[in-house]
Amino acid sequence: MSYFEHIPAIRYEGPQSDNPLAYHHYDAEKRVLGKTLAEHLRIAVCYWHTFVWPGHDIFGQGAFQRPWQQPGDALERARLKADAAFEFFTKLGTPFYTFHDTDVAPEGDSLREYAANFARMVDYLGERQQASGVRLLWGTANLFSHPRFAAGAATNPNPDVFAWAAAQVCHALDATHRLGGENYVLWGGREGYETLLNTDLKRERDQFARFLSMVVEHKHRIGFKGALLIEPKPQEPTKHQYDYDVATVHGFLVQYGLQNEIRVNIEANHATLAGHSFHHEIANAFALGVFGSVDANRGDPQNGWDTDQFPNSVEELTLAFYEILRHGGFTTGGMNFDAKVRRQSVDPEDLFYGHVGAIDVLALALERAAVLVENDRLDALRRQRYAQWDDAFGQKILSGGYTLQSLAEDALARGVDPRHASGAQERLENIVNQAIYGLR
């Protein structure tokens, strides 16, 4: 059965085409900085927003009538959903996908039933991967939707909930390994608090760290070579989450000795909620040595919640890709579309329009970022700004050649009288705009 029979495979037709079901800028085989666009972007489609979400919101019921979401045997519907998903991936031409365990398999009425259902669906997903050539970018476990996780999973006051969560992650990590996944993501949607009046912060942080340590141990025990990634988010659904932003996650990992085992999966909309730019979070992840992967989407700056819209800003993404390219690009990570069509976008074509447009935006932004990397004008001005630190005096400070007192005495003896140099922000912004709009 075909779910998108009337929709052709999406092809590159160039910027002059007016075909809404064609790529206008994403030519997968086009080479930029020595790699194809496909190799740079490593695009993934998420299972949950695209094939699981029924179009509901907190004020209204599901608005979609997806044929794979109709009532029937739960496992059979899961197989139909997988058929629809892989038909979609294939027609879109995207190389990767991502899932939560309960996206792809019915949870059932017990942990044993969950495990059996998930095992059957992992077999089926393996068959679909083999037939299509589509690969798994990352898997994860849903530890936030079921009421048992209302007070958290790893941070729950009930150790039986911790144990259930451990079982889910064990199965999900095993499945990711078996399906050739390149990363495993841990998002602590309920790992936080709603009120401090009933919360023991130290205990919950210790529990969370113990849980992560067990995941790390299991990764090595089964021989999974992919990366473990935490996805930062400041709040929603909890008032405050322990993985607030990249810097918070890094501090947590260092505190518990996990900084060499776990990296971050950065979502653009989560950066917005944390009061940061997407550029900031990516740059910070590289500065702290924990960059892993990206969830490509956007939020609405006028809304205080996670809208998960498709990315549409070449300007924003150019700076994000500039950081990624200047640090060597993705290794195990990629650009996962954690994005959904709007509730009023009920036609099957809308799923394609959202992804096609966003993929074109990624391609445009990456090419503009490549211009910034190739012309080296931003980096040259940055190096010039800090050049004095590369001189003998600056290096002596950094290498421990001075104590605080001896440096103070040296400054007094030399009568230092430093002058402020321009930060040249306006010039730098002009360089970025020239690259984005093709002015130079």
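Glycine too: its Cβ is placed from the backbone N, Cα and C atoms.
Cβ-based neighbour count (10 Å, all protein chains) for His100 (active site) stands at 22. Marked as active site by Swiss-Prot on the basis of sequence analysis: His100 (among others).
Classification of Asp103 (active site) by DSSP places it within a helix. Long-range C-beta contacts of Asp103 (active site), restricted to its own chain and to partners at least six residues apart, with a cutoff below 8 Å, comprise Tyr47, Trp48, Phe51, Val52, Asn142. Residues or ranges marked as active site by Swiss-Prot: Asp103 (among others).
Within the same chain, residues at least six positions away from Asp338 (Mg(2+) 1 binding site) with a Cβ under 8 Å of its Cβ are Cys46, His49, Glu267, Asn269, Asp295, Ala296, Asn297, Asp308. Annotation source Swiss-Prot lists Mg(2+) 1 binding site at Glu231, Glu267, Asp295, Asp338, citing sequence analysis.
For His270 (Mg(2+) 2 binding site), the same-chain residues lying six or more positions away in sequence with a CB closer than 8 A to its CB are Glu231, Pro232, Lys233, Pro234, Asp245, Glu281, Asp295, Asp306. Look at His270 (Mg(2+) 2 binding site): DSSP puts it in a helix. Among the features that Swiss-Prot reports, Mg(2+) 2 binding site is placed at Glu267, His270, Asp306, Asp308, with the record citing sequence analysis.
Compared over the binding-site residues Glu267, Asp308, the count of CB atoms lying within 10 A of a residue's CB peaks at Glu267. Those residues of the chain, other than Glu267, His270, Asp306, Asp308, with a C-beta within 8 angstroms of the mean position of the Mg(2+) 2 site C-beta atoms are Lys233, Ala268, Asn269, Thr272, Leu273, Asp295, Asn297, Gly299, Thr307, Asp338. Under the three-state DSSP scheme, Asp295 (Mg(2+) 1 binding site) falls in the strand class. Listed in sequence order, the residues Trp187, Asn265, Ile266, Ala268, Asn269, His270, Val294, Asn297, Asn336 complete the 8 Å Cβ shell around the Mg(2+) 1 site centroid, once Glu231, Glu267, Asp295, Asp338 themselves are left out.
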